[in-house]
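Listed features, source TrEMBL:
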type	residues	note
COILED	B:645-672	coiled coil
DOMAIN	B:224-296	domain 'CEP76/DRC7 peptidase-like'
DOMAIN	B:352-638	domain 'Dynein regulatory complex subunit 7 MORN'
DOMAIN	B:686-791	domain 'Dynein regulatory complex subunit 7 C-terminal'
REGION	B:191-211	region 'Disordered'
Amino acid sequence: MSRLYDTVEPSVIDDEMLRKAVEEQGPKEEAGKIAKQEGVDYCDVLSLRLDFRNILKVDNLWQFTKLTKLQMDNNIIEKIEGMDALVNLRWLDMSFNNIEMIEGLDKLTKLEDLTLFNNRITRLENMDSLPNLHVLSVGNNKIDQLDNLIYLRRFPNLRTLNLTGNPVCDDQGYKLFAVAYLSHLVYLDFRLIDEDTRQKAHSLYENKLGELMHNEKQAEVAIEAEKKAAQELLKHKDAYVEHLNSPVLFESMYKEDPEGMKLSMLPGLQDMLKDFQDKFVEVCMKIFEFGMKEYEKRCKEMREFNTCIQDAEAANKRQAVAVIDAFEEYKKKLFAELLVTSDAEIQERKMNEYHEGVNETWDKIMGLEMQLVDQLEETIKDFERNMTDLMSQLVEYIQGLITQVRDLENSHNEKLLEMCMTVLEKVVKNEMDEELPDDLRMLFVDKDTIVNAIGASHDVHLMKIDNREDEIVTRSGAWLSGHMQKIHADECARNRARVVEITNYIDHLRDEIDTQFMP
Amino acid sequence: EYPESYKDNTNKEKLILAYVENYRRQYVHLFRDRKPLFLNPLNECGIEKFVCTTLRPTLLSYKALYHWQGCAEFVADYLTMKQLEPPQELPMCLFSPSTILKRQLGNCFDFSNILCSLLLGAGYDAYVVSGYATKEICLADESRQICPLLQPKKEVLKEAEKPEPRKYTVKPPRDLRSKFIIKMEARRKKEAEEEEKKKQQEEEERIAELEKPPPDALYGLRIHAWVLVRGGKREVPEDFFIEPFTGQSYPPSSPSFLGIESVWNSTNYWANMQNCASGCKDMSFDLMDTEKWEYMLAGSDQTQIEIPDAEEELYDLDDDEKENEDEKHLDMPATWVLPICVTKNQYEMRCPQGKKTTLYKKAKLEKYANYLLKDGLVTRLSVYDNNELTDLKRVQESFENREDKLTTRVHQGGLITEDFVEGRPRSLQQHVYKASNPGPEAERTMTFFHKARNKLRVDGLCKREETPTEMTEHFVNRDDFLFLRHVLFGKRQKKVAPATAEGPPRPILKITEKFHRNDALSASKDVEEQIFIIHEDKIQITYHREDPNITASTRDFYKPPNAEEKGGSLQWSNDMTNTFQVNPHGSPAKNLAIYENLLQLIQTEQKSIQAVRSSEEEVKEILMDRQKEELASELAISVYDTERNEKAKKHRKELERLAMEEKLRRQEMEMDYLAPFLAQIGNPDKISKTQAFKLKEDCLADLKQRLIDKANLIQLRFEKETSELHKRQQDYQQKQVAMTKEDEEQYFNYCSEAMFRIHILELRLNRHKQMAPHKYMQLEQKLRQDPRLSVYF
């Protein structure tokens, strides 16, 4: 029950409270003793109970990263907060508090059981990031709208729902509404939903539900399509030819070109422009297709490289493991022999033999590692060379095509100039048959103005084309160097890890015999 | 004894015999130096019959007889062979298949005749062949042949697909060995191999020389008959021979068959025109080829000479003429033999008396019919080390219909291997054990049925190998990823125990358990191998290797003594464990976790020990079951087997008996309608004419009286009912006003009931009137036909 503030002293979650709770709820007996001796890390605690403690504000829980169960019922908490670190939480109980709003649960994506019984919640909201929700208990709250139930449709795993004691339950159609709209539900308000109710609810809300489902489905399809398009675009971007399969580049040329726009109103230019655009887009399409083809080629090359590297590593690992297994076998036998002999001289000899064996093993596995490093280095070099070739091919070819685009623009420009000259002549001689729009007429005052306008338009167009070219060149170059760097770095890290592992293992072998058989 | 067709020839048969005689004369005239053809031997009644009409294509209703293998095996098993006497002359007689099957005895021609009939019935393109063969074939002597059951199966060599060379495959490390030395080594090896090969070859040749059959004085003269199956029908790819005595197939190139005189089946007869100097190797079996085969009946559709396209037109022109010509051809007369029939019992008995023994090279095969022997044995193959069949090497027994699902048992080298089919409790599949020590705790291997997806046993056990001191169990598809458990047993403590009680279980020294990788856990926490060294109170754990790592983390525990005792908690000290962690930078595990791990391991150890004990128990139980089953050796009888299923048989007999009784009873029940009238005249043995007339008169009069009585009775009732109704109606008319509602209702009820009754009576009366004359006529008819009176009417 909610308590009045002035009657009880509110407390905060502090280290002492946490330590006490962890200790109390931790292991008992001998295990408890050990735990006390070495202390328990908060990050290892799996479940924590902080009930009946008059906590007002949730805080200081950031260390409990592995926590799966948290009970904070019967406190005076007013706001759900400070739990963003508890990403592994599955079970959260905050019943009998003073919470007014559901919030702050966005990071708890693994949550399955949420209890907010007896609070002051008015709406079901802000739970979109909890797809695994199984059990939801929000009884004795202030939820009064049936629409809140529709919000719960997004939880496909929700089986148990408790809403008793909310104003909404007074609604006559509440139960049937809940059953109809939440068809996965098994238990509602502490009761199993029987087949009878289910059917009744279904027949009652069939039409509305059908409509809703239809809408939901459509939304789903739309999202799916969007996702697919985004993926496709990503792929195009990786190929550096995004939007080149559509007239986007062409349109962008005219977008930032006021003169060009004006000029396009010129009578007789429309056809020319159309022709220009068709040719332009055709070349762009060529670039796009080539880019995608090259992209596929690159992907294939990378796949092949990766599988080969993996194969080589796996083969090398097998060899090393065989060496180690053989030595372990030998070690077992030797230890067994050492245990039974008491002759110091034999022991001495065996120990020496063992150490020699350890050295030999070290030689062998280190040798294998060195061999692998050499092999991989060579292969990576090959790969780098091939990739560089591929990239330069791509860039050269695309540059060739872009030159075509530029030529198109140039010839278009010349034609335009010619046309404008004739128009200008006509305008000057007042022989114009058709009326020109005013802003266009403004350009045809003298030769300089029109030439300047056409020149400006041309410059903008060329700049756009140049920019696109530069973008392709720089992006492809950056990707290649980044990718190769990553490969080198990965290989380096792998090698270091392996050497550390080998050294660690060899040290362990040396220690082992000493600790076992040295007096 | 024999039907008419056996004792005489029809006109058509006579005609064909004349035709045959003509053919024979021409043949003898043309080929003076060739042996006579086998054309028209005598049958069992001494009548000449053409060989083609002795065939009768038959398809018997047994599944195995739908394939040539089954047919050949059946004929070879069912009949006892009799060699030709003398071996270089054609027999005088050829009996009908039905006679041969009855006698179960025949020569090669009888065998081939029946086999060919069956094959033709099953749709094969089969022919009887008369020719010459080696002594071994003629005498069905297989002692120089390898038993077909022992012939090594041809393994289909699957070429390992070479991985495609990849672009980035790493280069192998440099080979620093001397090329010259390797070369020399290889050369030396090759030489040694060749030497070995040569020696082996020589040895083989020597053995082959020794095993060669002694020279035969009658080589090439011994007459034999066998069956030719030509390719084309029933998906037979190419021609082959079937030797009827053994049921074996041979390619036409086989050196055992030395020559062919003629072939025939139920449609035609062909004499061979090809040279047989090199056996049947290069012989063509294209019977259409008139150069190579001389046919007897031109009209038979099989011999229709294929007409080249060029001549087709020519034939088209005189189509009518050709048809006329066709009609003139003589076709084969119908067969004279009785249908071939084999009853189920005969079929199942197979060999005469149900037993057959065949000798092969270094092997002896005994066959028994199903259900003949009490333990279900059907074949026993004994393999010997020498040709005299004295040095027994291996015995392979197959069983059929065993209640305990045993299918084969092989004795070899002191080991017994028993195979079972699916369906036993505990899913036992194979059991290998030492013949000298079949008891528990001895060397043995048990294999259990298991499937890739769903295990048949709950514990997923698929194999258990045992020696006196060790036991290894293999598992599949277990939820805890365990796939191997190996147990090392120690020697029993010698104790003075009472002889009757079973000794204490063997002490367990060590249990090793291995696990597959559980992907749900991280590799450093997923146990790969756990070893419980029980006598040292030590537990060794090895974890799985993390993906790129080559070493695995290990952890050893030293248990304080009596750790498994319940009650008192385990005291912890740091020297109880020893850990090697692969990643030196990773944070070491907390003592608390290790302690909990230890507690859990102690429990696991107890469970493992229990599992081992129950395994031992299971072995004992299986052995006990096996012993019991072997003693009982019961055979399973299918519910569909009406002959052997005693219970069903009894039930059926009982039903038959009941039906019979019922019938008898009904017969007794049937009354003699003349009895009272006969009694009136004192039941005379013989009825005189006047008596008969009187009887008839009386009988009919009686019936008439009864019919009238009945009609009167119905009429009376009808009237009574009508008058009653009438009375009530009048009554009602009078008192209608004063009646209570209840009475009124009662009255109406009565009325409707009465009307119903009247209606029924009326119907009955009408019907009676209709039926009465019929009944009268019927009785009269019956009297006329009555055996006692019929003499007079």
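Cβ atoms are placed via backbone N, Cα and C, with glycine included.
Listed by sequence, the residues of this chain that lie at least six past the ends of the region 'Disordered' (B:191-211) yet keep a Cβ under 8 A from its Cβ atoms are 144, 361, 387. Break the domain 'Dynein regulatory complex subunit 7 C-terminal' (B:686-791) down by DSSP state and the numbers are 94 helix, 0 strand, 12 coil. With helix defined as DSSP H, G or I and strand as E or B, the domain 'CEP76/DRC7 peptidase-like' (B:224-296) counts 3 helix, 29 strand, 41 coil. DSSP assignment over the region 'Disordered' (B:191-211) gives 21 helix, 0 strand, 0 coil.
Restricting the average to the domain 'Dynein regulatory complex subunit 7 C-terminal' (B:686-791) gives a pLDDT of 86.
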